[in-house]
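Only one structure is covered here, and it is reproduced in the block below.
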Amino acid sequence: MSSVRIECVAREGCRIGESPLWDEKEGALLFVDITGRKVCRWSPATGQTQAIPVDAPVSSVALRQSGDYVITLGTRFAALKWKEQLVTSITQVDKDKVNTRFNDGKVDPAGRYFAGTMAEEIRPAVLERHQGSLYTLFPDLSVVKHFDQVDISNGLDWSLDHRTFFYIDSLSYSVDAFDYDLQTGKIGNRRSIYKLEKEESIPDGMCIDTEGKLWVACYDGGRVIRLDPETGKRLQTVKLPVDKTTSCCFGGKDYSEMYVTSARDGMDKEWLSRQPQAGGVFKITGLGVKGVPPYPFAG
């Protein structure tokens, strides 16, 4: 095993940093600060982060085939033009609910944007249960709802053969798999492939590597774990210097670097003094595996 190295590359102090995404064209890392209401782009070349403020909690960001980005904002799917700092709504979900917002989202290999909702939190991970749903925004800008009764819709990704969809509803403390039909975007046959152990705490964002293994950020667990979805075994644990690790992605020139976002909401002064890098973005090198480039939204 090569030696794993962890460094805080963007000391943003995000309230809830989330949805890291490598933009190959820009050679930069995108991420959001949900409660800080901003979309950020960090450049490894300059070490600088640019941030665009938005008018609602922004929970995920994705590349767009036609250029720029799509985001989940409040209960809306929206388009973001970076240079113009312009946000335009595409469509809204959860119209029958007053108290929900989007959470994590990701684009599938066919260019559809999957994202789920949750109730607004009273405090971190404390909220009205079963208020969320999982949705897909199709390239023709229509929306399909897959299911409801979700607590905290979170990490998602697809197997390398695109036949399995992996998904996390955080408060189930489980990583789940569905059969996936790439032609239609339909999912079915839900099953649990990994139950988190107590010290791993709450499963949050997730990504896949080129060996087909899953990486899951553990909120309040201060770690990312590598799982084998076939055997349901944990293969590796990488501990970080902050407790509230929220999500992970691969990036860098050859997708051999892992980027991990974190949060500071819910931490008091004493806790923050022990973890001054909370809310920062971390880069992990030396994992010995590479990731899969993100798919762009085709609409």
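Note that Cβ sites are derived from N, Cα and C of the backbone, with glycine treated the same way.
Quick look at what TrEMBL lists:
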type     : residues               : note
DOMAIN   : 16-264                 : domain 'SMP-30/Gluconolactonase/LRE-like region'
BINDING  : Glu18, Asn154, Asp204  : divalent metal cation binding site
BINDING  : Arg101, Asn103, Glu121 : substrate binding site
ACT_SITE : Asp204                 : active site, proton donor/acceptor
Message = Please list, in sequence order, the residues in the chain of Glu18 (divalent metal cation binding site) that are at least six apart in sequence and whose C-beta is under 8 Å away from its C-beta.
response = Phe31, Val32, Asp33, Ile34, Ser59, Ser60, Asp104, Gly205, Thr246, Ser247, Thr261, Ala263
Remark   = Check: min Cα-Cα distance from Asp204 (divalent metal cation binding site) over binding-site residues Arg101, Asn103, Glu121 goes to Asn103
Inquiry  = Using a 10 Å cut-off on CB atoms, tell me which of the binding-site residues Glu121, Asp204 is the least crowded.
reply    = Glu121
Ask   = Other than Glu18, Asn154, Asp204, which residues of the chain come within 8 Å of the divalent metal cation site, judged by Cβ distance to the Cβ centroid of those residues?
value = Ser19, Asn103, Asp104, Ile152, Gly155, Ile168, Ser170, Gly205, Ala217, Tyr219, Thr246, Ser247
Remark   = Span of Arg101, Asn103, Glu121 as binders of substrate, largest Cα separation rounded to whole Å, comes out at 11
Task = Measure from the Cβ of Arg101 (substrate binding site) and count the other Cβ atoms within 10 Å, all protein chains considered.
result = 23
Message = Counting across all protein chains present, how many other Cβ atoms fall within 10 Å of the Cβ of Asn103 (substrate binding site)?
response = 26
Mean predicted confidence [pLDDT] for the domain 'SMP-30/Gluconolactonase/LRE-like region' (16-264) = 97
Note = Whole-number Å distance separating the Cα atoms of Arg101 (substrate binding site) and Asn154 (divalent metal cation binding site) is 12
Ask   = Applying the rule Cβ within 8 Å of the centroid of the Cβ atoms of Arg101, Asn103, Glu121, what extra residues of the same chain belong around the substrate site?
value = Ile34, Pro57, Ser59, Thr100, Phe102, Thr117, Met118, Ala119, Glu120, Leu127, Ile152
Query = Reported as an integer number of Å, what is the Cα distance between Asn103 (substrate binding site) and Asn154 (divalent metal cation binding site)?
reply = 6
Note = Cα-Cα, Glu121 (substrate binding site) versus Asn154 (divalent metal cation binding site), nearest Å, comes out at 14
